[in-house]
Amino acid sequence: MWQELKALHDRTQGRRIVGQFKEDPERAARFSAQTDALRLDYSKTLIDASIRAALIALCDRVDLAGRRAAMFGGALVNETEHRAALHTALRNLDGGPVLVEGQDVMPQVRSGLARMQDFSRALRDGTLSGSGGAITDVISIGIGGSDLGPAMATLALAPYHDGPRLHYVSNVDGAHLADTLKGLDPKTTWVNVSSKTFTTVETMTNAHSARDWMQRGGGDPARQFSAISCAGALAGAFGIPPERVFGFADWVGGRYSIWGPIGLPLMIAVGPDTFVEFLRGGQAMDAHFRTAAWGENLPVLMALTGLWHSRVCGFPTRAVLPYDQRLARLPAYLQQLEMESNGKSVAMDGSALEGRSGPIVWGEPGTNGQHAFFQLLHQGTDVVPCEFLIAARGHEPEMAHHHRLLMANCLAQSKALMLGRSLDQARAMMEAQGMQGAELERQARHRVFEGNRPSVTLSYPQLTPFVLGQLIALYEHRVFVEGVILGINSFDQFGVELGKEVATWLTPILAGDETGEGLDGSTLALVDHLRQHGG
Ligand SMILES: O=P(O)(O)OC[C@H]1O[C@](O)(CO)[C@@H](O)[C@@H]1O
């Protein structure tokens, strides 16, 4: 299936991205696509019309249309766990019924959303209060998919906050909770525990410690706690009554769960109406993904460009570079979405995956990254395809000049990565500075930029709730398309289990309750060292 693309790749040897713009003045338009809110430019890559056609042919080879219909239609596409993957139903605001094993799930989705709206209104208007009066702060405890989405989106939508202050605690490192609690009043703080299973050790440890803190400080955990979980009975056993437990079905995967109850902390921060705008953005992207031709379809084009770079060109990583400070947590969010979904070496049918799985995703907001790792992006020996994100305007009209600088830097980086600087140009620069001979040659070589480094750019008018919804749904569908083409089940995550099991049996050894008999030498020595220096 990849032979033709490998052959096309061989034919790109020696070709320059920048040269393609000279050959085809319409290239930027021909190699971009858009929705009503997002524009994707993938023209700064070596993808040409025949490569694109071969990539698009992959979609039909793997029956992407059939798989897409199966996912939206509630089929058990998560075959290893025998579950549907129906996060799209959570944003199906104006759509028809969605059947899972013959049952329409939409009434349940609608009543779940209505409960979230009622609850968040009550918390925001003071109907629900703490022992010390109206709630000023909400701590949401969760980890992975029960944290990254809402934490990322809460930061992204900061200009829309008009509710209590939101704080997220995820790490089992007591420092995370301790630093968050500093300065908070236990009598006016609400604690929400988000855990699909209600057994995740990090979340439960933090939840118990937060409850102790509240009790010690005169707060009332019996009225100031809520839970978001599929395991209502466990939340009840923790002491949270059913009217404050928000459940959801097992067809919502953790990393796809921001659209439903797991998004409740975001709804508390920005209000139910703004949250619905966010859902509408996701819904608009679903409609685009379902109807746009492959060559105009943003999630498909993002997936195909990604597969071209990772699977065909062999670039092992991809940098996500939001030139948008409020998307600072997007790379971390995408690390879970993409790497937990597609970081696998076994295909859906149990056979060994041929070739590379999904790439390593990393990144930081611009312009900060420029002053850190962009050196490697421009001159390192590994090529790292870059994904730039930029808004046409910020939320601070009085600082429009900041935004112009931000945009200039974003566009400058993708252009510089593509253009590079030749040895002759570097020599001329050194000569102009009065340098000569061997020293000129040596200095010039350090200033050469190979260029021809690919990037794509996503641009949008402004980071609004609707745009954010489109963006997140775009990435979800991109992961789905990549997974289908690679033959991976993007909806399970068995790779996280082994480490958890080992941690469970190391904990009593570190506490001194069990001996380390049978441990490997390295782990045993580390245990000894930590115990020797521990309290
Ligand atoms: O919501 P839970 O059950 O606490 O799980 C949290 C996270 O842990 C994981 O299972 C990975 O460790 C994720 O898939 C999930 O989002």
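Even glycines carry a Cβ here, placed using N, Cα and C.
TrEMBL labels come from automatic prediction, so no person has curated them.
Copied from TrEMBL, the annotated features are:
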ACT_SITE  Glu340  active site, proton donor
ACT_SITE  His371  active site
ACT_SITE  Lys500  active site
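Overlay of TrEMBL feature records on the structure.
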{"residue": "Glu340", "record": "active site, proton donor", "Cβ neighbours (10 Å)": "22"}
{"residue": "His371", "record": "active site", "Cβ neighbours (10 Å)": "10"}
{"residue": "Lys500", "record": "active site", "Cβ neighbours (10 Å)": "11"}
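Separating the Cα atoms of Lys500 (active site) and Glu340 (active site, proton donor) is a whole-number distance of 15 Å.
On the backbone, the CA of His371 (active site) and the CA of Glu340 (active site, proton donor) stand 29 Å apart.
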